[in-house]
Each structure stands twice: as structure tokens, then as C-alpha cells.
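Student: Below is the structure I would like to discuss, written out as C-alpha cells.
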Amino acid sequence: MSNWKNSVDPAVDYLLPLAKKAGIETTWDRYEAMQPQCGFGELGVCCRICWKGPCRIDPFGNGPQRGVCGADAHTIVARNLIRMMAAGAAAHSDHGRHIALTLLEVGEGHAPAYRIKDEQKLRNIAEKLNLAPAGKDLRQVAKEVALASLEDYSRQKRSIPCNWAKATLTAERVDKLIELGVMPHNIDAVIAEIMHRTHVGCDADAVNLLLGGIKGALADYTGMCLSTELSDALFGTPEPVVTQANLGVLKEDAVNIAVHGHNPLLSEIICDVALKMNEEARKAGAKEGINVVGICCTGNEVMMRRGIPLATNYLSQELAIITGALDAMVVDVQCIMPALTSVAECFHTEIITTMAENKITGATHIEFREDSAVESAQKIVELAIEAFKKRDKRKVNIPDYKQTAIAGFSAEAIMAVLSKIDAKDPLKPLIDNIVNGNIQGIALFAGCNNPRAIQDNNFITIAKELAKNNVLMLATGCGAGTFAKTGLMTQEATEAYAGESLKAVLTAIGKAAGLNGPLPLVLHMGSCVDNSRAVSVAVAIANKLGVDLDKLPLVASAPEFMSEKAVAIGTWAVALGIPTHIGIVPQIMGSSVVVEFLTEKAKDLLGGYFIVETNPEQAAAKLVAAIKERRKGLGI
Ligand code: XCC
Ligand code: SF4
């Protein structure tokens, strides 16, 4: 792979040769060693669902066309795909359950480490869920909201939709999803149903399987949505905050602790505890005390709520250790490379797992429980300080790369900014500018990195192209990480890359909001679960215009996706009516039925559809075309 560039991140470029020299393997080495990857797997035509298999379908038509049980390529591809959606939904909604249970504890007065930081948000949620919060005591409201959320995991009546899905989408969309039989009634039941219908000898109709998958993806949406909103009630609704991103945020003279994973329940407490333990760190010789930094979506969570700097995004997580300056990496759930402990063996870094269901061999496990969150956090910080004492100064190589990033554009924050222009009707300036074409449309960037693409390159290339075409951009997850690391979440980026009319609008709004210049080119909306924030903005616009989501000039892109969660997110975006680009060829190409359904038929059924395009320039062109088509449909 000598001509292949691994990443456009300069910090990665700086550290990879050092890793190579030291004989430390990274994800890119393992990716290279894995070539060529299995062609059957790439097409999705390998089935391991029962032990009569594994079975694989010959894509050229010469060998077997059916598995031992008789399943054809379409059934096999569809089953594999919707199991991924179920896993994605399980991940997001288990995270959501954890937050909802904590909120319940707060309501019942059992979780002293937590409190309701944003009372107004909690009351707004209660309104949305029709819980009539007026006059009720805050703890009572917390309890009722938690129970209404947990109902979405336990309701048995199939005819009653999930509270959160119903309360957060347009009425027209809710009706459509119910009519198609894809509206979830119970997140857990829908996930179980996917596992059931894909068991050997069950659903063998590819389209019916895909509809089951779409229901699972909408269960994923439900879990993400409640996860985001309840986290805001507990930890505060994000507001714009200026911070920094990339590995240069690590400090030579500090105890560096990275929080990595997804769930803010522990990382929030670690941030609180770290503030109180600076003196201990200084006593151990760290002149600058404790420096907490983030990785992946835990990083996004604490970045947007607290301005904690973001060290890096998914694909370069190992490199945080290779700087030699990271004293502890605290991980919770999802997207944590099992390789971390092997890399850490070459350094003094403590890898600390915290969740009973997520351990890594070779890591130190400090179990996190809501009722003893502060004690766990203290132990973790103490361990980091101990590790710092063992740091080998000769191995420290902190890349001198970091960029300013403005994070924290929750839907509420966007409304607050817009209300500076029109307090009575905050959406009006945005909608007026969409209608008059100053803003051509809105694009949401989501998803991961994948070594199948040059790290961050697809995100950056597409964003610059869309900016030129006056598209307003939002980002979450590791996509947000990319933009933060590369300086595209700054006012300067707006000056440099936005098309004239977009620049004028962002400047007018930014100035009205007292920012002394434009809004950043890409608005940071948060972590993966926070994709639901983009939906709430879109739903507000759709309701105001009196149209459904599939009429809006709104597109989504996951140009470097890899996780099952991203498969679920992409699918619900399509189900909500959004043209959704993916920049990695999905493992479905072995079935013409599945491909055709997701890229074409879905459009008639749901309004949304997948666009598969690995070339970022062409992807941008296709996204712009999708936006133009929508504008035409609206007659604007
Ligand atoms: Fe994971 Fe959320 Fe993907 Fe990043 S973007 S690699 S899922 S951390 Ni959601
Ligand atoms: Fe083979 Fe059918 Fe078993 Fe899959 S379910 S492994 S196709 S026999």
C-alpha cells in the first residue's frame, strides 16, 4: 500500500512513522495485512446463521446459488444486513436505557452523584411527552419522564407506537410509518423480532426482511432520541463553546486522561472529579494539573457540554497512546478498539474499562455504578496520576497540531442564535434564506472513519464542495471529530470556503448573535446519538412549512462509515425521507433485490433512499443534485 495515504490528519502523518519505527502495529497495518478481504463477505453472500453452514453463494453463477437450507443470495444479504441494524439499535438504545434508568434514580432520590442540570429542558420534554408537568415537583417530573421513556422498552401492545418516535416526528411521517407497519412499539421487542425473523427457517422474503430492518432502525432512532434529550436534562443542553481539537491538545506537563466511548454518565463525573484533584496531580509533578481530553463520541459529549478538547476520532484512537503522553484512557462502550491494550503495553498508559459488559483483556477494570460514580471516578483519576509518575519522557511525542473548534450547536442553541434575528419567529430567517436560495439546503454529516477510505478525506472534500454550493452543514460523531480536527468548525473556515450567499447568511446570523463574525462553516451537533438533534431541527422546519420531511432540501452523508450503529442511522434517515449518501460500498452488493430496494424503491415508499458513491467529488455532486431536486419539488 505504498502509494496509499492513510489519513489527511497531519497528527496521524506525524505519528505513524514513529509507530512503525517502534514496531507498534496500528489499525492501518492490520487493514493492510487483511488484504485481500473476503469477496463473499464483501458482497454479503456468506451466511453463518446456522451450523449447517457456513454457506456462500457464488456471485458469478457457476457455483451454489442457495445455501444448504435453500436460502438464496437475497435472503442471505437481507438477513445479514438487518442483523446489523438490530445490533446498532441495541447499542444506541441500551445507552439510552442506561440514561433513562439514571434519570429514574434521580427522580427517586437514589443517585446522589447526579442532578437535573437543565430543569427547563426536562419540563419541555415532559410537555412533549404529554405528561402535563406544570405545577409538579422536579423530581416527580424526572420520574415520569424516565418511566415514559422506559415504556418504549417494555410496551407489549403492538398497536401503540413508541412515545419518543411519535412525539418527535411530523404527524404525516408518523402516519406513514404506521401504515407501512414499520413504526416501533417497543425497542427491545423489535430487536428481538429481528433476531427471531432472521433465525434459520424464518423470514425468507428479502423485502419483508428489509421492512423488519427499517422498523429496527426506527427503534434505533427512538433510543438515540431519548438518549440525547435525557442527557441534556441531566448534564445540560449544549451551547456554543470554543475549544480545540487534535492530538496537540495533550500536554507534556499535565496528567492526560482520555475519555473514550459513548456514554456521558461516567465521563461527566470524571470531569468533575478531575477539577478537584488538580492539586494531587501537581504534587506528582504535573505542573499543569489534570488535562481531560475526549475521543470518539464520549469526546463529543464532553466537548459540547464542557468545552473539553477533543484528542482525536475513531481511526486514530491508538495514536493517542503512541504520543507517549497519555496517562490513562478510560473507556465505556462502543468503538473502542480491542488493540488498545496491546499498544499500551509499549507505554505507561493505563487502559481502564468501566462497564461490566465491556471488558478488554489486559485492561484494568474499575466498575462504574451510578450509586458510586464519584468513588469510581476518583479511583480512575488516582490511577492516572500513578501512571503519570511512570511516564517515560523520552517516549513523549505530542504532535504540534491542534485546531480551534466551536462546538455545541444543539437544536435549542440554533434556535437561540436565530431568535437574535427574529425573537418571535426564530425559524423565519432560516426558512426565508432557504426559500430565496441563499441557503440551498441542509446536509447532515454523520458516521465513522474506515480504513477503506483515507481518514477524514471524504468528509473534508465533500464539505468544501457543499460549502461552495451554499449548503448549510451539520455534523455529529466522528464526522464532527474530523471537522473539529481540521479547523472547519471555525469562523475562518466560513470566510475561506462558504459560497457568497451562505457566507452572507452565516455572517448576518453570527453578528446578530454577538459572535463578531460568521457562524462556523460546519455546526457541531454532538455525538452519534445526537443525530436526533438534526431531526428535531428538520421537523421544526417541516412543520412550519406544512410539509413532511421528505419534501425538505435536506440530505445526509456518512462518507466513511463502518459501524452497525451507522447502518441503523443511515436506514432511519432513509425511513424519515432523507436522501442518504454512504461513501463505503456496503456489504449488500450480492443481492440485486436489496440494492434496488435501498437505492430506488425506498424512494417511492418513504421518500428517502441511499446514494452509494465512494468518490467524494462525485458524492458532493450527487448530494447537490438531490437538494436541487427537492427544491424543485417545493417550487423554490
Ligand atoms: Fe463510533 Fe460514535 Fe462511528 Fe465514531 S461515528 S466510529 S460509531 S464513535 Ni457515530
Ligand atoms: Fe447455510 Fe441456511 Fe444455515 Fe445460512 S441458514 S448457514 S444459508 S444452511
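Think of each number as a place in line: the chain as shown, counted from 1.
Backbone N, Cα and C define each Cβ position, glycine as well.
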Student: Pick the one from Cys38, Cys69 that TrEMBL also lists for the [4Fe-4S] cluster 2 site with Cys47, Cys50, Cys55.
Tutor: Cys69
Student: TrEMBL records Cys297, Cys335, Cys448, Cys478, Cys528 as [Ni-4Fe-4S] cluster-binding residues. Which of His260, His262, His581 is assigned to the same site?
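Tutor: Answer, per TrEMBL ([Ni-4Fe-4S] cluster site with Cys297, Cys335, Cys448, Cys478, Cys528), from His260, His262, His581: His262.
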Student: For the recorded [Ni-4Fe-4S] cluster site, whose residues are His262, Cys297, Cys335, Cys448, Cys478, Cys528, find every other residue on that chain with a C-beta no more than 8 angstroms from the centre of their C-beta atoms, and list them by sequence position.
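Tutor: Other same-chain residues near the [Ni-4Fe-4S] cluster site: Cys296, Asn300, Tyr314, Gln334, Gly477, Ser527, Ser563, Lys565.
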Student: When you average the Cβ positions of Cys47, Cys50, Cys55, Cys69 for the [4Fe-4S] cluster 2 site, which other residues in that chain have a Cβ within 8 Å of that mean position?
Tutor: Arg48, Ile49, Lys52, Gly53, Pro54, Gly67, Val68, Ala71, Ile76, Val200
Student: When the Cα-Cα distance from Cys69 ([4Fe-4S] cluster 2 binding site) is computed for each of the binding-site residues Cys46, Cys335, Cys448, which gives the smallest value?
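Tutor: Closest recorded candidate to Cys69 ([4Fe-4S] cluster 2 binding site) by Cα: Cys46.
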Student: In the structure shown, which of the binding-site residues Cys38, Cys46, Cys69, Cys478 has the fewest other Cβ atoms within 10 Å?
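Tutor: Each of the binding-site residues Cys38, Cys46, Cys69, Cys478 was scored by Cβ atoms within 10 Å; lowest is Cys38.
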Student: Can you tell which of the binding-site residues Cys55, Cys297, Cys335, Cys478 lies nearest to Cys46 ([4Fe-4S] cluster 1 binding site) in space, using Cα positions?
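Tutor: That would be Cys55, nearest by Cα distance.
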Student: So if I take the binding-site residues (Cys46, Cys50, Cys55) and measure from each Cβ to the nearest atom of ligand 2, which come out below 6 Å?
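Tutor: Listed by sequence, the hits are Cys50, Cys55.
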Student: Out of the binding-site residues I have (Cys38, Cys46, Cys47, Cys50, Cys55, Cys69), which ones have their Cβ sitting under 6 Å from ligand 1?
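Tutor: Among the binding-site residues listed, not one has its Cβ under 6 Å from ligand 1.
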